[in-house]
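Feature annotations, courtesy of TrEMBL:
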- B:6-29: transmembrane segment (TRANSMEM)
- B:63-86: transmembrane segment (TRANSMEM)
- B:98-118: transmembrane segment (TRANSMEM)
- B:145-162: transmembrane segment (TRANSMEM)
- B:190-212: transmembrane segment (TRANSMEM)
- B:307-326: transmembrane segment (TRANSMEM)
- B:388-409: transmembrane segment (TRANSMEM)
- B:416-435: transmembrane segment (TRANSMEM)
- B:455-474: transmembrane segment (TRANSMEM)
- B:508-527: transmembrane segment (TRANSMEM)
- B:547-567: transmembrane segment (TRANSMEM)
- B:579-596: transmembrane segment (TRANSMEM)
Amino acid sequence: MLELKTVNAFYGKAHVLNDLSFTVGHGKVVALLGRNGAGKTTTMKSIMQMVQPRGGTVSYQGQDITGWAPHRVAKAGLGYVPEERRIFTQLTVLENLEVGRQPPREGCVTWTEEMLFELFPNLAERRGNRGKALSGGEQQMLTIARTLMGNPALVLLDEPSEGIAPVIVEQMAHVILKLKNEGLTVLLSEQNLHFAQAVADQVVIIESGTQKFAGSLADLQAHPEIRDAYLSV
Amino acid sequence: MGLFFAQLLTGLANAGALFMVASGLSLIFGVTRIVNFAHGSFYMLGAYVGYTLMQVLPGVVGFWGAVLLAGIIVGLIGVIVEICVLRPVYSAPELFQLVATFGVILVIQDLTLMIWGAEDLLGPRAPGLKGIVRIMDEPVPQYDLALIAITPFVAFALWYLITKTRVGILVRAATQDREMVGALGVNQSWLFTGVFFLGCALAGLGGAVQLPKGGADLLMDFNILTSVFVVVVIGGMGSLPGAYLAAVIISVLNVFGVSYMPKSTLVLMFLVMVVVLMFRPFGLFGREEVAGEHGQVGEPERPIKPAGLKIRLLVAAALVLLGLIPVMGSNFAVVLVTDILIFCLFAASLQFMLGMGGLVSFGHAAFFGGGAYVAALFVTYAHTPMELALILAPLGAGLAAVLIGWVCLRSTGVYFAMLTLAFAQLLWSLVFQWGDITGGDDGLVNIWPSAWASSNMVFFYLTLVICAGGILLLRHAAHSPFGYALRAARDSSRQAEAMGINTKRIQWVAFAFAGAMAGVAGGLFVFSKGSVFPNELEIARSFDALIVVFLGGVKTLSGGWVGGASFEATKDYLTRFEYWRLALGLLIIAVVILAPEGIVGSLRKLGERTGILNNAEDKR
């Protein structure tokens, strides 16, 4: 469904991603693992074309999307949930959802506000509140809900478990599995191996922008030395 | 009491057009982050287009139809400007776009002159609303009452659009984080274009609706621009209720000012603004600006480095060449190069503050003109000799910069810029309206150099030494520990604070230093011309310097004087033609589009690509 081929990305002269190549299969949950600064967020942004890769291609459903404007990538069915959340703090919860709204997409769930409030009951009570009044966990939920309003086929979740309370992390894991059951494909980045283990089918590990491992969860468990070398457990 | 009430009504009526223009400016800034200097020009176009339409369309329906149509037409002109001029430069460094909008001002000025001629046009009176109504025995024009009634509807429609519709939600979201809006599948280009249409249409509407009161003339663009900036800043950028309230405050104040304190009308507006910003640094209803926090564009800044041997030799050779001008060149060349040198020092002083300090000032002319007036006043009233006056000019300008900087630096970003503009206008209005001392519009004349420097040649060398010295001094300051601290404060004020740098004080010193250097240029200017007029303090003068710095290259050390020299020389050449503004405007727009890093930045890139210059970072 999504394929990266020797993707390279730079910030000015700094080489951030180095020949990244992996695929995300339809209906799968893939975890992109790595330490802080490994290049996880840049990978996500390169897929969305918010950072334009210099070299390599990103293709989605067989179509080369490299060099597209981010809004075109989103319209094609990729939903991006940024790590820093970036909700619109001056807008209400409902208005935040409105920004994300896109027409229904064939073969995907057509989300409505009510369905999302069912998925995230905490948000339902706060629908009229401004984004800035929400807690960190609620903001994280709102970011996911806002992206789902675009009825994406593939969701890019950048560190969904970061900086939120353990109870909510657990809730997040449930949500991701629910999305998978609905037929969504998910690429999520994580530092938290436990969280990834709970939801992912496949794992990609990167370190300093270079790919160190790609395989199933079982493969990774068979090689504890890889885990110890590249992940802080 | 009756008169008081009638004046209040006049103020409210005047607020209508002002509100429409200001809310348009505010909208455009909110979404695109562009300070649209050309907004006054769209207002002017609205008046002219409306005038022509009213000649053709008959009756009551014709009048109001013309007003609406003028708004739509001006909105469409705005769309053309957005697509042709601004789209190519959205990715340029922040604030660079405002140079492009300045080019647009010049182009629109000359096109208007070509189409409608230089004569002021008397606006037609609104059919059916030509009479007056007696309220408490005072005559109030019917049209004023109509305006008072209409404005709230426009305001309400806008408010509804922004708060209740999907478009409004997208606009508000984009105001906060436009990159994220794009990542959610919204095509920002069309959002930008749409907002530009709306903003310009509002300006055009404002221009057309005030026709029966003010008519149309070629000075409308700059005349309204200051009031609009003041309104937007007092109300708070991006706030519609704020814009409305501020428009009413300013208009009412103006009406009362005219009748009770006619000599202080211009000053009053800025005093109110300063007072408001002292207590609410982001306007009455504004929020702190977070521009650049997300969606920062362009490549990272390069570290500045001292000039290499090659460059030093080049500069030395250029100085020698300059020194030969009086020997080789004509008298005209000597005078022209003197002007250019003075302007270069002025531009370099702004460059220092803007490039090194990140302090974007819209009112640097305050210190250039300030220095000029200090020298001129001392010569006129105390018969001070030139030598002393040339020292007093930077002292006076520097002192003014200390005071103005103290107030302005309480704000940041665009509010800072607006405050500097306000102070420059404040000084201008003081000089303009306090005719007994400053000569007002007639200026101060007969201020000539001392006998030994009275020949053009000697004065040229004096200017060359002082200006080259001043530019080198500014350069030296950039490489001193003070310059490091200043750049640290610019790039990351919090980290700089944590390292023990008092960022505000550093910026204050830089502001005063840049002001004093502009004062040096101003002092020289008076003696080279023999006179000084209020237009040395005008917005246009501040904008000249700003354009020059951006065109030269903000992120380079030499951008100021290189831009200054090119700009002055080009301007001198172009002003010989009838429609020089059109040519200059188009030229500015072309440079902005073709060389988004400025002249120096783009030349450097070209040099590196062709291998003539080495890139220091690659060598490492």
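Placement of Cβ uses the backbone N, Cα and C atoms for every residue, glycine included.
Touching of the transmembrane segment (B:455-474) and the transmembrane segment (B:307-326) is concluded from the presence of at least three CB pairs under 8 A, sequence neighbours closer than 6 excluded.
Below 8 angstroms of C-beta separation, residues 85, 88-89, 91-93, 96-97, 99-100, 102-111, 113-114, 547, 550-551, 570-571, 602 of the same chain, each at least six residues beyond the ends of the transmembrane segment (B:579-596), sit close to that stretch. In terms of C-beta pairs under 8 Å, the stretch of B:6-29, B:63-86, B:145-162, B:388-409, B:547-567 lying closest in packing to the transmembrane segment (B:508-527) is B:388-409.
Two recorded stretches are said to be in contact when at least 3 C-beta pairs lie under 8 angstroms, sequence spacing 6 or more; the transmembrane segment (B:63-86) and the transmembrane segment (B:190-212) meet this definition. Within the same chain, the transmembrane segment (B:416-435) packs against the transmembrane segment (B:388-409): three or more Cβ pairs sit under 8 Å, each pair at least 6 residues apart.
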